[in-house]
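Written below as structure tokens is the structure these notes are about.
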Amino acid sequence: MELTGKLKILLVLGCILSAIGSVLTLGPFVYIYFIIKEILTVGGNINLVNTGVVIHYGWLALIFAISGIIVTFAALMCTHVVAFKTIKNVRYDLLKHLATLPLGFHTMNPSGKIRKIVETNTFQLEDFIAHRLPDLVGSLVTPAAILILLLYFDWVLGIICLIPLIAGFAIQYSIMKRSSQKFLEIYQNSLEDMNNSAVEYVRGISVVKVFGQTIYSFKNFYDSIIRYKDFVLKYTLSMEKSMSLFVTIINGAFFLLVPAGIILSSYATNYESFVLSFIFYAIFAPVTASMLMKIMYTASDQMMVSESLKKIDMLFNEKPLKEPENPQTPENNNITFNNVSFSYISEHKEELALEDVSFKVNEGKIMALVGPSGGGKTTIANLIPRFWDVNKGEIRIGNVDIQEIAYSELMDRMSIVFQDVYLFKDSILNNIKFSKPDAGREEVLKAARLAQCEDILEKLPDGIDTVIGTKGIYLSGGEKQRIALARAILKDSPIIIFDEATAFADPENEYKIQRAFEELTKNKTVIMIAHRLSSIRNVDEILVLKKGKILERGSHDELLKNEGLYATMWKEYQRGLSWDVGKQIEDNRSGGDFPDSNKLQDSLSGYEIENKRGEVDPNA
């Protein structure tokens, strides 16, 4: 009810109308009883039947039937309006809330789980409000009306009809109470696991196809399907006997009614009246059973929706990124790390991704982060925009702790270009404008030109208005990177966080990315994650990271003179540039060896950190 907000009155009206409609649908049975009574009163002689009375009762039965349909339809209209508006509001609020949660939440929670809550669980809520809730109200009111009818015409036959119904529900309640809640919880969790594995399977389909594998080879997905199937099958078989017994008992009123009727007929003072009552109960008892069956199914749906609401509430209860009570505005764009320590939390262990890291990047300067995988480069880049908050120490921009800066202002101050670029299935124009929605067309075209995107736009059928992902139009990794740079140039933020992607670009794209990067970083405070050491020879300062600590710092020339890890990496990088695959194979055949990989391995040994969650390496 809380989720319906201002629509509560309309929902209550729908439930009241549903209750009225359920009672009205019983009217025809009452008037059919009076019609049969009128016929039996004259000994079954049609010529003696008062046709006026029969027609009167017939019209009343028809009126009640039509009124029941109209009122029930009106009830469903009310509940459907409430359901559709509620589900729209809930999904909107969920997505809005998700946007306020730190990136750590999204990393720790698989997208399949979140997708199931936003789509499947909210759909179950919609279905419950639109259909099951009015059915439940109607089903609860109907038994009261039925009980009155059963006891009104002949209380003895009425009690006989109620005995199997009461017995059946008592048995089923005892069984369902022990198992249903536990079943629903496991059922929801099994669906989540299967959704998570399905999303992972789809995302990794290219790897599956490349290695010629099938769904049976993708163990996580296949196992989640088998677990779901086995659990549902096991539960269904466990309920087979009890459910069969329940259905048999509640539908057994007729079989109990026949012998009871034979016995009671001998004691009847008015035989015709007794026969009339017996016929009514013989017709009405199965109808009663089917109406009461609705209660069981609706109750089951109610338990299912309760589990869905728990999942929705769980998502709403996740704490959003904390906003400062009295936000401050930095005077400049210096970036300072003061004794920062941070760890990614996992189920198995907690290991520091950064430990007592301190450095400063002055406004307008460029700092490069280098080091082996797991050193903490991406962690530093993620902490500056508060994708996570530090466990210890502080990060400052212009002498203001970033946690004391309004998040909207913090994000306005920086542009982030990561290696894994995501483009929406929309026009290139709108993809670039994503960083500045109010930008004009000419402004976007200028940003695209500065990002060296002119050759991309020239080859596309609709230029900058071309929709990516339609008609077989896709961009290469280097081209995507340039579109991402155009976004950042358009935003024109004073701080740039850049994960260099030229390591996997062809020479032409690499050259254009470098030129776009030069445009982007003019007079900006820049922190870049470098993968090709040649691209950072002229930066202001280089930090060499190892296992979350700063191993070395200085300019390119200074670090070469130190003859430490950076100097070793530079030498191996230079050797890699001059390495000729064909020549090396020939040398190897004649007794030579590949480049001194053992030396490089010794230098870099111990630098790789175990994947935190078994899914992604956030320190890459």
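One-based numbering along the chain as shown.
Even glycines carry a Cβ here, placed using N, Cα and C.
Looking at the stretches 138-156, 157-175, the one that TrEMBL records under the feature transmembrane segment is 157-175. Here the transmembrane segment (243-268) has Cβ contacts under 8 Å with residues 156-157, 160-161, 163-165, 167-169, 171-172, 274-275, 278, 281-282, 285-286, 288-289, 292-293, 296 of the same chain, all six or more residues outside its ends. Distant neighbours of the transmembrane segment (274-293): 29, 32-33, 36-37, 40, 139, 142-143, 146, 149-150, 153-154, 157-158, 160-161, 165, 169, 247, 250-251, 253-254, 257-258, 261, 264-265, 268; these residues of the same chain sit at least 6 beyond its ends, with a Cβ under 8 Å from one of its Cβ atoms. The average pLDDT for the domain 'ABC transporter' (335-572) in the predicted structure is 87.
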